[in-house]
Amino acid sequence: MDKQQLAKMIDHTILKPEADKASIEKLCKEALEYNFASVCINPTNVELAAKLLKGSEVKVCTVIGFPLGANTMEVKAFETKDAIAKGADEVDMVINIGRLKDKDYEYVEKDIKAVVDAADKKALTKVIIETCLLTEEEKVKACELAKKAGADFVKTSTGFSTGGATPEDIKLMRETVGPEMGVKASGGVRSIEDAEAVIKNGATRIGASASIAICEGKVSDSTY
């Protein structure tokens, strides 16, 4: 896989709360230079990114119910519609982790479906399951519910919890959802070796702030 092909699999990400206008402008400039799949940013930065990336192939990705997933499904649905209206092409939503652990699967599925329905095929939907907080059984169940709810992707992590993507989790997620859905590895992918390991195990997208280091064959100390 060459640098260009790898770049097209990366969501160039900045989700830290202190990200200012200059940070978003820099992120978008880099995304255009490397032709990354998207920029992944917080909802308040969607309008600016959409303006900066207009006419390019780089998509605008934002996050919903982030990073805890503890908002109500009504709030997540509103966030989704609002983000799309402001220019988002992709939305990465966080599941309600507590409800999953309660085995309230009906709630978890409805929560995901609220975002899928709000997106109304106008934006790709990615479901963050926060693998570091789940048992193997819970990871499988979360992926099954995301698939049942009609989401486009499952995603490992927010990058704000206790761990990120591992090749083992990617393999399990890919085996669970099958070949039709996307699988996004995020959190802790900091080098070309990390990227190759998750791709080998079934990742079709990578979320990283270390995107340039990955493409240039370097190693970043970034946490996302």
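Backbone N, Cα and C atoms are what each Cβ position is placed from, and that goes for glycine too.
Database features, via Swiss-Prot:
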ACT_SITE  D92  active site, proton donor/acceptor
ACT_SITE  K155  active site, schiff-base intermediate with acetaldehyde
ACT_SITE  K184  active site, proton donor/acceptor
Once the chains shown are all counted, how many other Cβ atoms turn up within 10 Å of the Cβ of D92 (active site, proton donor/acceptor)?
29
DSSP three-state assignment (helix, strand or coil) for D92 (active site, proton donor/acceptor):
strand
Under DSSP, is K155 (active site, schiff-base intermediate with acetaldehyde) helix, strand or coil?
strand
What's the CA to CA span in angstrom from K155 (active site, schiff-base intermediate with acetaldehyde) over to K184 (active site, proton donor/acceptor)?
4
